[in-house]
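**Q** Please find one structure pasted underneath; my questions will follow.
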Amino acid sequence: MAIIEQVGAREILDSRGNPTVEVEIALDDGTLTRAAVPSGASTGEHEAVELRDGGDRYNGKGVLKAVEGVLDEIAPAVIGLDAVEQRTVDQVLLDLDGTPDKSRLGANALLGVSLAVARAAAESSGLELFRYLGGPNAHVLPVPMMNILNGGAHADTGVDVQEFMVAPIGAPTFKESLRWGAEVYHALKAVLKSKGLSTGLGDEGGFAPDVAGTREALDLIAQAIAKTGLKLGSDVALALDVAATEFYTSGSGYKFEGTVRSAEEMAQFYSELLGAYPLVSIEDPLSEDDWDGWVALTDQIGDKIQLVGDDLFVTNPERLEDGIAKGAANALLVKVNQIGTLTETLDAVELAHRNGYKTMMSHRSGETEDTTIADLAVAVGSGQIKTGAPARSERVAKYNQLLRIEDALGDSARYAGDVAFPRFVFDG
């Protein structure tokens, strides 16, 4: 047994200079671990609620109430529990909060405790977190979906699509995939400079030039890939996070690239992009509540490309179950803070995999040096991870952890590569 003996919490800063929650767990065997909670800029309406203080302090974004909840309510409830019993601990957290959206104590408070408990149990067991959570079969390193050009809510430009990603699907190892992605990133900087475009960075470390639209952004990235000597499509594919909820208005449609479009017109736009670029994945191509549009889009192009539900599913098993029943999307974006406990996150992943949906582990735009999602990606065999550009330490921390995991696995390590995207067929 690994009995929880002490629970601590504090307010720290995330990568955008906003407060977030960090939790420490001490076990009776001397184990001491900590976990920090991320926060999003573009958030889904159906996400679990972060508890913020309001008022003037930190522009209302302080988390002292969440910290107080950990110390005054959660700590007495979990002290004495066995950290190895993750599902039991998380159920205590859910019962204690007592709300469907975790708004009383806050998902940021609950998640900090949930993740710190898992880390403590792993360390007490003498196992790395990925091995503790994933067991002996955890051996697949994910494809890094590197957001090297930022728009939408992650940048102060007129680019509507939130993330333009490169996916090094042809690399033989994770180590090589990281090198390829980093080289493309630096090549993109050179391309942007040569055209007199900004090389300032967005929230997730990608460049944030003010370009005309989606096609120009993709063309710039294609030029960067060519500059490295890598092949567009077979070596490095492309992916998008549209975050369409951000420019959708119920009753009028999608205000995208200067015109208001229907779901059908957005679907036609994506279909045309597929014919012009080697895209393996599009995240949130439509709004979180446009179920009819999602079903039609999935029926139209879902056999050719991965369609990822982020705001649509918010890592919530109930919403995912609805989507599976309707035939909406074919992949789940996994963000631990959208749902608020590790157990619920793992349940969502299991449900997705059981129904043939792919999963992509993901960071948030407001990140910390916490590397839990790197271990989680390997533990659940997601085969894909989205954690920003190969720049800024809060992003690189996850990539570096995956390098360590690949080394630890040795000869048993396998890189997911193009197998992670079975719908993608490159004709180039």
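Glycine is no exception: its Cβ is also placed from the backbone N, Cα and C atoms.
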**Q** Just to be sure I read the record right: GLN162, ARG364, SER365, LYS386 are listed as binding (2R)-2-phosphoglycerate in Swiss-Prot. Which of LYS189, LYS193, LYS335 is listed for the same site?
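**A** It is LYS335, as the record lists it for that site.
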**Q** Per Swiss-Prot, which of ASP219, ASP303, ASP310 sits in the Mg(2+) site along with ASP241, GLU283?
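**A** So the Mg(2+) site in Swiss-Prot includes ASP241, GLU283 plus, from the candidates ASP219, ASP303, ASP310, ASP310.
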**Q** Have a look at the recorded positions GLU204, GLU283, ASP310 and say which one has the shortest Cα distance to LYS335 ((2R)-2-phosphoglycerate binding site).
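**A** Checked the recorded positions GLU204, GLU283, ASP310; minimum Cα distance to LYS335 ((2R)-2-phosphoglycerate binding site) goes to ASP310.
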**Q** Provide, as an integer number of angstrom, the distance between the C-alpha atoms of LYS386 ((2R)-2-phosphoglycerate binding site) and GLU204 (active site, proton donor).
**A** 10
**Q** Compare the Cα of ARG364 ((2R)-2-phosphoglycerate binding site) against each of the recorded positions GLU204, ASP241, GLU283, ASP310 and report the nearest.
**A** GLU204
**Q** Restricting the comparison to the recorded positions GLU204, ASP241, GLU283, ASP310, which residue's C-alpha is spatially nearest the C-alpha of SER365 ((2R)-2-phosphoglycerate binding site)?
**A** GLU204
